[in-house]
């Protein structure tokens, strides 16, 4: 049968990518359908119960700045919050939260069920309706045909998913859930490049059987950070500690003796695993000189005794897992509640996507999350939001939007994927961003909320909060610029204790704040009390003003390349001087801009210059554009 309603946007998958995609499209006014094989697992944290971390919290804050759900759900479900790299510069500071799985999932489901324009439907998707290279809808497992203007695929690890425990394996999207094999076969029949990746999870432990007295305690921060720009500490549930354990020589002996029973080392698994979250087998094998590896013992929630031992992800047989766990100090009597496993799944080469995450071969079809070769809740959620908003814009007849690399980590993530592709699960790090001094987690709202408002993603409450904050920053910045301190003033006398030498002349407060010895609180005696987030922003902008200005100049030069778009039908075979190899790379990637072409591995600056000359010859760009690029 045909579903009685037609939708603007259909989202397949209810994980972190799918939920953000559906919420984004619905916030923009599109009639949106979220298809999931099980409504009870919406927003499920399939791997570790944590949100944020280095590079990842930057994405979470950007999602939040654009009106997304992840940060708010984290504030409602977070049971431990910490700021990582707190003693380093603001560009690399990152908030990380341990989350209660049940509370987090409930928060996401609550937002979905209360979002206007959004319909939830428990049905697995088995097929796509494609006509004239354009997706028209979806066919469910029970044969229901649902029609829509745009479709977003957020299938996670479910496409052709195979779960491995030792040399035994079975089909599955994750533990306890079936795979999406019919949809995987349908996608393989379309002109996409497909490959396999793998990820894994550790055995879960019963806290009642763990000896915490011999483990290192890892408390959260006090005062507790918040994840959302609208977050409040009183939203947080009860806070708890995590703990740290360590593997040892005996643990490593057990693993080495059983590598022939590992599906990874016996050739059963062909997919590549995440480099930055390796299995314990990988760690012991690759880092044979290390006598010990850390294990972060993370509580799964406030109402359960289950623990997540982060650091011993494994696909070894259960009897070996049992020995490994019992060999660890503090785990000598530990009871395993669920065995660890590896899962192998299909992913599609993200170079087959545009910046909007729409596929190049099938119009109105968008991919987001692990289907694009990424790993991590945060990376998936960020892609989901972008794909959802662009699916909505496509349905509304509007042009696509995507942030540039200098505007957001989301821009870095997408540009890396669609330009270079990935041979292993892609994880975000601050080191991937060239302009990370501008892309801090503390200023994601200043970078993106105004854009989000224009796109229709940001509601009145968030906009009012943001506007108040932005105005307060401007007022305080102006006060610091206009206020002068005389050497004989009381403030100057108080500051002399913090400075190398007393002030010898008058200074503006703004100039004093640039000094490393002083912070905003030292200069705020006569000012109205400021929100800490406002004071932090004023201080960072003052202290890093010179560095930020230099980085902005560099960005302005790069933007000239970004502005030069390459025609979709550009025939690289007709461009004189390009090597056969470079022609092949450009033809395969089909870059959208001159700057993107320059970021393709193996495409030289000389080749970019040849592209520029060719465009000028074909009068595809104006002479002044070429002059601007060469300036």
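Placed from the backbone N, Cα and C atoms, the Cβ positions cover glycine too.
Since this is a predicted model, take the numbers as computed values, not measurements.
Here's what Swiss-Prot has on this protein:
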type	residues	note
BINDING	13, 14, 15, 16, 17, 18	FAD binding site
BINDING	273-287	NAD(+) binding site
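Around the Cβ of residue 17 (FAD binding site), a 10 Å sphere holds 34 further Cβ atoms from the protein chains shown. For residue 18 (FAD binding site), the nearest of the binding-site residues 273, 279, 283, 285, 287 in terms of C-alpha separation is 273. Residue 14 (FAD binding site) has 277 as its nearest neighbour among the binding-site residues 275, 277, 281, going by CA to CA distance. Of all the binding-site residues listed (16, 275, 283), 275 has the fewest other CB atoms within 10 A of its CB. For residue 15 (FAD binding site), applying a Cβ distance below 8 Å and a minimum sequence separation of six or more within one chain yields 43, 44, 46, 154, 156, 369, 380.
Proximity of residue 273 (NAD(+) binding site) to non-local residues of its own chain (separation of 6 or more, Cβ distance below 8 Å) is seen for 197, 198, 199, 200, 264, 279, 282, 342, 424, 425, given in sequence order. For the recorded FAD site, residues 13, 14, 15, 16, 17, 18 set the reference point as the centre of their Cβ atoms, and the other residues of that chain within 8 Å of it by Cβ are 11, 19, 20, 21, 36, 43, 154, 156, 369, 380, 384. Sequence-distant neighbours of residue 13 (FAD binding site): residues of the same chain at least 6 apart with a C-beta under 8 Å from its C-beta are 35, 36, 153, 154, 155, 156, 158, 369.
Across the structure, residue 287 (NAD(+) binding site) and residue 16 (FAD binding site) place their CA atoms 32 angstrom apart.
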